[in-house]
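J.: Below are the features I grabbed from Swiss-Prot:
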ACT_SITE  Arg194  active site
ACT_SITE  Lys219  active site
ACT_SITE  His284  active site
ACT_SITE  Arg287  active site
ACT_SITE  His310  active site
ACT_SITE  Tyr319  active site, O-(3'-phospho-DNA)-tyrosine intermediate
DOMAIN    44-129  domain 'Core-binding (CB)'
DOMAIN    155-332  domain 'Tyr recombinase'
Amino acid sequence: MRKGNSLHRNLDTIFGNEVYSNNLTHQEFLSVRNQHLWEKLRDIPLYEAVHTWLSSLTNHTSRSYRGSILALERIGLISLKMPLQQFALLNHNIILDAIKQIPTTVVCWSEGTKQVRAACYISLTKFLNRVTSGIISIAQPSHQESNKTFYKIRDLVKTNAMNQVERVLFLEELSKINYRDWLIAQTILQGAKRVTEALSVTTDHICFENGVISFNQIKSRGVFKTTIITYPQKFMKLLQDYVGERKGLVFITKKGRGVGLKQLAGTFAKAGIKAHIPFKVTPHVLRATAVTEYKKMGCSDSDIMKITGHSSSKMIYAYDKSTIADNASKKVSLI
C-alpha cells in the first residue's frame, strides 16, 4: 500500500476560479462542484485514500484496519488500485453483507473477525463520504434480527488470565530473559495497564518518594484521562536504579529508542513457554490477569475502574473469570 498524502490536496484544489467568478445559482454551483469532484476522483487511487484515512486513526486502530483492508483485497472484495470514481459506483452495502457471509471455503474468519472487517469498511466509507461531500456513500450495517451486521458475541473477554502460581512462574522466567521487560511486565500487572500506556510512560510521571506513576490515556474523541497507580517500594527502588539520571521515556532500548511492541510480545511469549503456561502470554494477558485478581480480592468495580481507566463497570465485568457458581449465594444464606 503506497504511502501518499495528496488526497486532501487533490480534493482541496478541485474548484477553479470559474466556479466562483460566474454568476451561478446555488443549484448550478452544486452541479459544477460535483462534476469537478467526480472528474477528480478518477485520478485518485483507493490506496492513496486508504493511507490518508489510516493516518487519521489511532496507532492501534490503524494497524488493525490496515490488516483488514489488505484482507478484503486478498479475497477480491475490493482492489486498492481502483480509482475513487470506480469505488464510488460500488454497492457498499452488498460488500458489507459479503464480508459477513463469506464462506469458510474462501477464508476461515471467526464472527469476531468478520465484525472487525465490517467495522473497518464502514469507517472507510464514512471517511470518504465526508471528504467527497457525499459522492461516495456510506456502507450501512443491517439491523434485521436474523441478519444483523453487529451483535454481541460473548459477555466476557476472550483473553486468558494467569492464576497466582502461573503469574509467579512467568515473572521468574521473564527476569532471566530480559530484565527491562520484567520491569515492564510488573508495571502492566500492578496497574492493569495497556501495553501502550506502560511503554509510553515518561520519567516526569514518576514520583519515587510517594511510589506512584501517572499514566495518560487518550479516550474517544481525544479526551485525556489520567490514572495514578501506587507501586510497592521494592519495585520503585528497582525502577529508580534502572532509570538512573535519564529523562524522557522510562523503558528504552540499548540505542535509547522506545521499546517495540513486537519485541516485547516475543519476550512475553517466550517466558510463558518456559514457565509452561498453557496458553500464549501476551501483554494483554497481563492486563486481564490484573483485573481478574483485583476482582478476586473483592475490590469494587469503581475502585478497579480508577486503576484501569475503564468508563463503566460493564467493562470490568467482561474480565470476570470466576465460575458461574462463585456468586453471592455461596457466601450468604437467606433461609
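Glycine is treated like the rest: Cβ placed from N, Cα and C.
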J.: List the Cα distance (Å, whole number) between Tyr319 (active site, O-(3'-phospho-DNA)-tyrosine intermediate) and His284 (active site).
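T.: Approximately 11 Å lies between the Cα of Tyr319 (active site, O-(3'-phospho-DNA)-tyrosine intermediate) and that of His284 (active site).
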J.: Find, among the active-site residues listed as Arg194, His284, Arg287, His310, the one whose Cβ has the highest number of other Cβ atoms within 10 Å in the structure shown.
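T.: Counting Cβ neighbours within 10 Å, the top one is Arg287.
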J.: If you draw a 10 Å sphere around the Cβ of Tyr319 (active site, O-(3'-phospho-DNA)-tyrosine intermediate), how many other Cβ atoms fall inside it, taking every protein chain shown into account?
T.: 23
J.: Mean pLDDT over the domain 'Core-binding (CB)' (44-129): what is the value?
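T.: It averages 95.
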J.: Measuring Cα to Cα, how far is His310 (active site) from Arg194 (active site) in Å?
T.: 11
J.: Using Cα coordinates, what distance in whole Å links His284 (active site) and Arg194 (active site)?
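T.: Rounded to the nearest whole number, the Cα-Cα distance is 7 Å.
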J.: What is the number of residues in the domain 'Core-binding (CB)' (44-129) that are helix, strand and coil, as DSSP sees it?
T.: 60 helix, 2 strand, 24 coil
J.: Using Cα coordinates, what distance in whole Å links Arg194 (active site) and Arg287 (active site)?
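T.: The Cα atom of Arg194 (active site) is 7 Å away from the Cα atom of Arg287 (active site).
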